[in-house]
Amino acid sequence: MLKLSEAPAYFERYRDIIPDFERFLEHLKEPLPLYFRLNELKCPDPEIVLKGLARQGVKAELVSGLPRFYRVEPRDFPLGSTEEYYLGYIYPMTTSSALPVIALEPRPGEYILDLCAAPGSKTTQMAQASQDKAVIVANDRRLDRLTALVANLKRLGVASVATTLYRGETFPFGIPFDKVLVDAPCSGEGRYRQGYEGELLYQKEGHTNLPAIQKGLLVRAFDLVKVGGIVVYSTCTFNPEENELVVDYLLRKRQAEILLCEYPLPCHPGITEWEGKILHPGLANARRFYPHETQSVGFFVAKIKRLM
């Protein structure tokens with residue numbers, strides 16, 4: 001576990017790419033705000049949820065630019081123990097976690113793969129965004145995580161999702177997908193802060209070769225999508241080796257381009273140079289999100305179009 005007192009030394013390598021670095025370090029001492037997504041598939045009227053939470057002494061305020069997301073006070077309130085949660089009216093998730101699906105733009109009738117889906121925050125967000133009228137395949141490599149995903153699908157009343165249990169790097173070929181999301185396993189640096197000191201996966205056994213895993217997932221996702229289709233690659237880490245260098249690897253092996261995308265949270269362009277290595281210039285169209293600017297988890301998102 002990385003102690004808060006050790007965080008400045010750990011994150012020092014990012015001083016030149018994280019804006020207002022000292023404020024970033026101070027922000028790590030603050031607990032993460034609490035948010036939830038309103039599930040309109042089960043509860044189209046937000047007042048039902050807001051009044052129910054208010055009776056429990058909870059204030060929920062709509063997040064600007066994110067019409068289904070609410071910030072909750074007090075931030076330590078156990079949302080997962082409420083009637084609203086059990087009825088499937090809400091899904092607790094951070095605002096920055098919504099960004100990959102915003103980039104993906106799921107629509108009714110599309111054939112979509114969520115390659116690393118469990119426990120389902122983005123899968124269910126996709127279903128909601130497509131009015132539960134897309135065909136979504138939600139995959140995960142671990143049965144215990146897939147079980148949690150299935151439970152969330154049932155709780156939220158999602159009918160448009162089929163689940164599969166494969167290694168993402170070897171997901172079988174079939175009908176090409178219109179869109180694929182790769183919310184890749186990562187070191188979790190963007191989640192690190194007070195109360196989340198154990199989030200750094202690089203410090204846990206079995207997570208020492210994440211960039212190789214991420215490259216395998218992204219290349220497979222790209223090969224599974226149709227020509228002209230979209231792959232969104234995302235992580236919750238600051239590490240360029242897990243972000244830009246992974247996408248750079250794809251761009252040098254396949255014919256693809258990174259598309260610009262508008263997001264509702266403050267962001268910065270992807271970097272095109274790291275530790276002396278010049279990266280593909282198109283990476284400037286990727287986006288980085290920092291917790292002290294978004295009041296959420298740090299994120300990286302790249303929207304990639306298959307050209308050939």
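Here, residue 1 is simply the first one shown, and the rest follow in order.
Keep in mind that glycine also has a Cβ here, set from the backbone N, Cα and C atoms.
All TrEMBL annotations are machine predictions without curation.
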May I ask you to find which of Asp76, Asp178, Asp183 TrEMBL records for the S-adenosyl-L-methionine site already listed with Cys116, Ala117, Ala118, Pro119, Gly120, Ser121, Lys122, Asp140?
Asp183
What is the interatomic distance between the Cα atoms of Cys236 (active site, nucleophile) and Asp183 (S-adenosyl-L-methionine binding site), given in whole Å?
9
Hey, what's the widest CA-to-CA gap across Cys116, Ala117, Ala118, Pro119, Gly120, Ser121, Lys122, Asp140, Asp183, the S-adenosyl-L-methionine contacts in the record, in Å?
13
Cβ-Cβ under 8 Å from Lys122 (S-adenosyl-L-methionine binding site), same chain, 6 or more residues apart: which ones?
Ser97, Pro100, Val101, Asp114, Leu181, Asp183
So, in DSSP terms, is Asp183 (S-adenosyl-L-methionine binding site) helix, strand, or coil?
strand
Note the Cβ centroid of Cys116, Ala117, Ala118, Pro119, Gly120, Ser121, Lys122, Asp140, Asp183, the recorded S-adenosyl-L-methionine site, then list each other residue of that chain whose Cβ lies within 8 Å of it, in sequence.
Asp114, Thr123, Ala138, Arg145, Leu149
Mind telling me which of the recorded positions Cys116, Ala118, Cys236 has the densest Cβ neighbourhood, counting other Cβ atoms within 10 Å?
Cys236
